[in-house]
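Written below as structure tokens is the structure these notes are about.
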Amino acid sequence: MDATLQALRGLVPRELQNPRVGIICGSGLSGLAASLRQSVLVSYAELPGFVQSTVPGHKSSLAFGLMGSGAGVPVVAMLGRFHPYEGHKLSSVVYPVRVMAKMGVKNIIITNAAGALNPELTVGTIVVVHDHIALPNLTGMNPLLGPQTDPSLPRFLPLSDAYSRLLRKLVFRAAHDLSIERDALAEGTYAWVSGPTYETAAEGRFLRAAGADVVGMSTVPEVLAAREEGMNVLVLSLVTNAVVIPASYQSVRDEFEAEIAGVSTKTVVEEVVSHEEVLALGRLKGDLMKSLVEKVLDLLPSNTQQ
Ligand SMILES: O=P(O)(O)O[C@@H]1C[C@H](O)[C@@H](CO)O1
Ligand SMILES: Nc1nc2[nH]cnc2c(=O)[nH]1
């Protein structure tokens, strides 16, 4: 950690060395940081402890700068995150969050691309996450597992308050101030799965039955580290696709038997999702996400821990 912080002190101008807000850009959402002023980019390759993002739509740089109107808020944005499915250790996935904490970040805005499980969520909706289901955490893949390296951090971290109510409300205030239509935003629960495979229909049904609204392959490890470090957390999921969950299975035996009986049938073609589709939606809705985040920064109270 000391080596990373020292490198950053050498690469980032002094006035940007104490960002107030950290931002993590999800798949295809690095444009979020396009409006940073006085921006300075630091490649992950220059930072000891950082790994590389290997996923299309994720760059590998930290961007420092001022965001929002007026004087602006000093922020640090990860243009490209790390996922366990890339082969990165969980400790590497959350390392940038720990660095942000050491630089003084008190609020973190984490974005991601996610598939909709809730049939009421349409593609393009931004979901303000208020809870999560993390099957990997529940089954032993938790970034906080292991010896406590910093005794000042809590051993048993509560998560019932993981998603800041104040920050969530600010998103709706921001949307209201920007006259964003009501249906563009929703609230929901994010299910974290390891990926890199997308869900089968049965898995989608299972996660929906468990109460998840959207599903993705990131975010929760970062949320855990950020909460452990005492940050206020806001998570925004962009719905890039629907997880296809047919109400019932249409039997191939029935289809076959109808065919040989000469009865005409509708052949089922299973829909599939692709990362290209995910990235395309990120590009399409990138501006909306950017305006929302900028407005949240404008509204952030300046006189509190926030
Ligand atoms: O980094 P995020 O969670 O935004 O990326 C999502 C999950 C996978 O990495 C990828 C699948 O298309 O997009
Ligand atoms: N697991 C998962 N991650 C996603 N990221 C974007 N879309 C999806 C999806 O449908 N499933």
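A Cβ is built for glycine as well, from the same backbone N, Cα and C atoms used for every other residue.
With Ser27, His58, Arg81, Phe82, His83, Ala113 listed by TrEMBL as binding phosphate, the candidate from Ser194, Ser218, Ser248 annotated for that site turns out to be Ser218. Look at Glu199 (purine D-ribonucleoside binding site): DSSP puts it in coil. According to DSSP, Ser27 (phosphate binding site) sits in a coil region rather than a helix or strand. Every protein chain shown contributes to the tally, and the Cβ of Phe82 (phosphate binding site) ends up with 29 other Cβ atoms within 10 Å.
In this structure, Ala113 are the binding-site residues from Ser27, Arg81, Ala113, Ser218 whose C-beta falls under 6 Å of some atom of ligand 2.
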